[in-house]
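Here is the structure we will look at.
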Amino acid sequence: MVNNNRPRRQRAQRVVVTTTQTAPVPQQNVPRNGRRRRNRTRRNRRRVRGMNMAALTRLSQPGLAFLKCAFAPPDFNTDPGKGIPDRFEGKVVSRKDVLNQSISFTAGQDTFILIAPTPGVAYWSASVPAGTFPTSATTFNPVNYPGFTSMFGTTSTSRSDQVSSFRYASMNVGIYPTSNLMQFAGSITVWKCPVKLSTVQFPVATDPATSSLVHTLVGLDGVLAVGPDNFSESFIKGVFSQSACNEPDFEFNDILEGIQTLPPANVSLGSTGQPFTMDSGAEATSGVVGWGNMDTIVIRVSAPEGAVNSAILKAWSCIEYRPNPNAMLYQFGHDSPPLDEVALQEYRTVARSLPVAVIAAQNASMWERVKSIIKSSLAAASNIPGPIGVAASGISGLSALFEGFGF
């Protein structure tokens with residue numbers, strides 16, 4: 001008989017002890033003093049940015065005013081600022097010229113408007129038969145900014161009595177159609193071309209033979225064809241365009257005296273190479289007082305037969321003059337602003353980023369576009385080594401600074 005009452009073997013209970021580690025395990029091959037050094041570097045970087053922010057707040061106001069004068073429309077800002085914040089050190093007079101004018105375009109004609117860097121002159125214009133370009137028989141005449149004679153006098157020999165030289169920060173133009181929607185027709189085309197003032201020595205048939213220096217314009221051939229980079233749109237949509245300095249430096253140009261026509265009246269057009277004539281008319285009202293380092297904006301308005309095209313033309317430019325010590329303007333001059341690398345860098349960035357032209361309706365948002373370009377550029381520039389990167393790092397984090405200057 002099997003005994004089933006034998007005691008069963010009891011299994012030993014297994015006890016599992018779990019240890020919870022509350023302290024973080026140091027990473028392998030990373031000493032603690034390395035982490036401390038890294039954290040200290042971050043704190044120092046933030047401290048340096050804070051100090052540069054304070055310095056930038058003091059020094060960048062003329063730079064921001066310079067950007068606003070160069071790119072903001074006059075209905076937003078008419079302050080000429082303190083001048084161009086580059087390495088020039090001297091007394092200057094800043095001026096923002098503005099012209100508002102109603103204009104009508106002749107039917108069956110193509111009207112050419114040149115926004116050229118000529119101080120005191122808002123634009124030059126001429127009309128040619130529809131579908132053609134200016135020829136040797138074409139003469140461009142000026143339309144002045146208000147105050148031309150107060151700045152440059154009423155004679156061709158008094159142009160430099162107040163100021164001796166000048167340089168441009170920007171030129172702007174807008175055409176805002178006012179035509180009846182049932183009567184307008186035609187188109188607007190815009191492009192730019194580099195035009196420079198040149199001095200050429202011509203022989204004079206005298207006994208004994210001699211020569212004379214004559215001022216002529218080179219680059220006007222760019223007006224005779226639509227450039228590859230251009231803007232074309234229906235007339236009723238209008239246009240807005242800007243031109244900025246694309247030279248390495250903002251160089252001053254001399255104020256010229258005794259020039260009413262280019263080429264001069266006693267020099268044949270063919271001998272100078274100019275395709276057409278620039279005539280400023282009576283010296284009591286206008287004149288050619290110089291030519292700056294800016295690309296000329298060319299606007300062609302085509303109006304077919306039967307069209308009734310009218311518009312408001314608005315032009316403005318930001319210029320810096322050097323006043324003469326014995327002139328009344330000298331008392332209104334001021335020292336050129338200190339160097340602002342950030343403002344100059346952003347000026348170049350905006351100039352490269354803007355299109356040749358936009359429709360007139362987008363002029364209202366052009367300053368917003370400029371602000372977005374500046375902000376995005378500063379965010380990218382904060383990673384650049386050197387003073388530009390350091391200053392950009394501070395300014396990109398200081399939104400109140402932008403707001404204080406209209407940004």
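Each residue's number is its place along the chain shown, starting with 1.
Positions of Cβ are set from backbone N, Cα and C atoms, glycine also.
Among the features that Swiss-Prot reports, compositional bias 'Basic residues' is placed at 1-12, 33-47. Swiss-Prot lists 1-47 with the feature region 'Disordered'. Sequence annotations record features per position, and here Swiss-Prot assigns compositional bias 'Low complexity' to 13-32. The annotation disulfide bond is assigned in Swiss-Prot to Cys69-Cys318. The active site annotation in Swiss-Prot covers Asp75 and is backed by a curator's inference. Residues or ranges marked as Ca(2+) 3 binding site by Swiss-Prot on the basis of a large-scale study or a structure entry: Asp161, Asp221. According to Swiss-Prot, the feature Ca(2+) 2 binding site maps to Asp161, Asp221, Gly273. Taken from Swiss-Prot, the feature site 'Interaction with viral RNA genome' applies to Phe402, Phe405, Phe407, supported by experimental evidence.
Features as recorded by Swiss-Prot, highlighted on the structure.
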residue: Cys69; record: disulfide bond; DSSP (3 states): helix
residue: Asp161; record: Ca(2+) 3 binding site; DSSP (3 states): coil
residue: Asp221; record: Ca(2+) 3 binding site; DSSP (3 states): helix
residue: Gly273; record: Ca(2+) 2 binding site; DSSP (3 states): coil
residue: Cys318; record: disulfide bond; DSSP (3 states): strand
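Of the listed binding-site residues, namely Asp161, Asp221, the sparsest Cβ surroundings within 10 Å are found at Asp221. The most densely surrounded of the disulfide-bonded residues Cys69, Cys318, judged by C-beta neighbours within 10 angstroms, is Cys69. Ranking the binding-site residues Asp161, Asp221, Gly273 by Cα distance from Cys318 (disulfide bond) puts Asp161 first.
Cα of Asp161 (Ca(2+) 3 binding site) to Cα of Cys69 (disulfide bond): a span of 26 Å.
Close to Gly273 (Ca(2+) 2 binding site) in the fold, though at least 6 residues off in sequence, lie Thr216, Val218, each with a CB less than 8 Å from its CB. In this structure the C-alpha atoms belonging to Asp221 (Ca(2+) 3 binding site) and Cys69 (disulfide bond) are separated by 31 Å.
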